[in-house]
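Pulled from TrEMBL, these are the features on record:
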type	residues	note
DOMAIN	69-480	domain 'Amino acid transporter transmembrane'
TRANSMEM	72-93	transmembrane segment
TRANSMEM	99-123	transmembrane segment
TRANSMEM	160-182	transmembrane segment
TRANSMEM	219-240	transmembrane segment
TRANSMEM	310-330	transmembrane segment
TRANSMEM	362-382	transmembrane segment
TRANSMEM	403-423	transmembrane segment
TRANSMEM	429-448	transmembrane segment
TRANSMEM	460-485	transmembrane segment
Amino acid sequence: MADMVEPNYRKVMPLPTSPSNTKTLGELMQVITIIDSDPSKDVTTSASLQGYQHNPQEAWLPITESRNGNTFFAAFHLLCSGIGLQALLLPVAFATLGWAWGIICLSLAFAWQLYTIFILIRLHESVPGIRYSRYMHLAIVSFGPKLGKLLALFPVLYSSGGTCIILIITGGRTLDLIFKTLCDRDAMCHAKSLTNTEWFLVFTCLAILIAQLPNLNSVAWVSLIGAITVVLYSTLIWSLSITKDRPIDISYSQSDKLKSNMEIFSDVLNALGIIALAFKGHNVILEIQGTLPSSPKQTSYKPMCTGVTISYIVIAMCQYPLAIGGFWAYGNKVPYRGGQGLLTAFSQIHGPNTSKLIMTSIYLLVLVNCLCTFQVYTMVVFDNLEVRYTSKKNRPCPRWVRTCLRIFYGGLAFFLSVTFPFLGSLAPLVGGATLPLTFAYPCFMWIAMRKPRPNGLVWFINMGLGCFGIVLTVLIVIAAAWTLADKGLKANFYKP
C-alpha cells in the first residue's frame, strides 16, 4: 500500500497524482491523514519522520507495522528470500548450455535482475512523500488499476503463496530424510517413520508457530538464521562434492544425436528458465524496504542499496560455486525432477560414503532454512489478509483475529501441499509466468513512473530489456509446457 505523508496540516487535502496515475487512483490506493500541528505529538511507531505521519492503516499491517529496520536487517531478509533450493538446479542448466554459455547466461541474468532490483528500490519513494511498500500497489500505480492487477496479481500471489507451499513440500520431505538418515541401518532405532502427509503437517505446525511474530521487522533475526543456514548448506554441498571422487561415466554434454531440433531448442529454453528461476524475491523487495525508516532528509534508498549490495555479493559467492563446482563434480548426472538437484545428486552418489553426522547436518540446515524463508514470504500473504479486515473495520486486527488468520492460512497451505505434492515439477511452467516480476515489469515501471525521454538511452535500455523479458517468458512457458506434454507428469494428487 502506498502511504501518504503530509507536513503539519489539520485538514484533509487533495492527493497529488503521479505522472502515470489515473484520475481516481489516489482515491483507490492512498488515504491522507489528519496531521497534528505539533510534531511532538507524532507517536506512530511505524514512522521515524520529524513532524510527519503515515496513513494510520500502515501502522496496523504486518509489512509496515514497524519501520525500525536497518541495513543489516534488510540484508538478512534479502539473503533469506533471495537464494534457495532453486540454485541447486543450476548444474542442470550447465549440462545443456555447456561451460562457456552456462557462465555467460548466469552472469547476464545476475546483472539483469540486480539492475531491476535497483529500479524497484528507487521507485519505492519516487514520488516525494509517498512510499510504495508493496509490489502490487506499485504495479497499479504504474500501469493503472485494471492493467496493473491483470499483469501482477497472479505472479505476485504465486510467488508468495506458491513459494510457501513448495517450502512445506520440501521441508516435509527433508524431515523424512532426517529421520531415515538417523534411523535406517541402526539396530537400536525401532521407531516407525511418519507418512509424507504427516511430515508436511509437522513442518506446517512448526512454521505457523514461528509465524506468530507480529510483523516483518520482528522476523529479522529469523531471517539471519535463514541466511546463515543457506550459506552453510550451499558451501557444504559444493565443497564436499568437489573433494570426493567424480563418477566414472561422468559427461559434460548432453547427447543430441537422437534429439530433434525442437527437443534441443526446448532444452535450451528450459535451461534458461532454470537460471532465471534461481533469482527470486523481487516480489518482497519493496516490502523489505518498507520496514526501513524514512524522512524528507534521509530516505530509505541508501540503506537499502547497501543492504542489496551486501546480500548479493554473498548470493553470488553461493550461486557460482554451486553451478560451476556442482557441474564439475557430477556433470549431467544432476537430476532435474524433485527440485533439489545438486543435493539429490550428492545424496545418491556420495551419501552412502558420507558420515551420518554430515548428511544429517546438511538436511537440518535445509530444514531450518525452509522454516525461515517461509516467514518472509508468508508475511506478504498475512499482510494481504489483514488489509481486508482493517479496511472494513477501520481498526487494527485484534491479537486473536491475527492468530486465527495465520492458522487459517497455514491450514490452507498444508491442504494445497497435500493436494499438489508435484507442484515442484510444475515450477518451470507456472513459475515461468512469474519471470516478468523479476526481469520485465520493473523496466516498464521505470518508464511509466519516471518518464525518461522517448527514444533516449534510458528509455531504450528499459524498453528493450522489458520486451525481451516478456518474449523470454513466453518462450520458457511454451518450452516447459511442451516438455511436460512430451515426458508426462506424475500428478499424484493427495499422495505426497
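Including glycine, each Cβ sits where the backbone N, Cα and C put it.
Where the annotation comes from TrEMBL, it is an automatic prediction and has not been curated.
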Honestly, do the transmembrane segment (429-448) and the transmembrane segment (99-123) touch, with at least three Cβ pairs under 8 Å and pairs 6 or more apart in sequence?
yes
Non-local residues, at least 6 beyond the ends, that sit with Cβ under 8 Å of the transmembrane segment (362-382)
62-63, 77, 80-81, 84-85, 134, 159-161, 163-164, 167-168, 170-171, 174-175, 177-178, 181, 203, 206-207, 210-211, 213, 215-216, 219, 222-223, 225-227, 229-230, 232-233, 236-237, 283-284, 287, 343, 402, 405-406, 409, 413
Return the stretch with the most CB pairs under 8 A relative to the transmembrane segment (219-240), choosing among 72-93, 99-123, 160-182.
72-93
Per the 3+ Cβ pairs under 8 Å rule, pairs at least 6 apart in sequence, do the transmembrane segment (403-423) and the transmembrane segment (72-93) touch?
no
Long-range neighbours of the transmembrane segment (310-330), counting only residues six or more past its ends (CB under 8 A)
71, 74-75, 78-79, 82-83, 87-88, 90-91, 93-95, 99, 102-103, 106, 110, 114, 117, 227, 230-231, 234-235, 237-239, 241-242, 244, 246-247, 250, 252, 278, 341-342, 345-346, 349
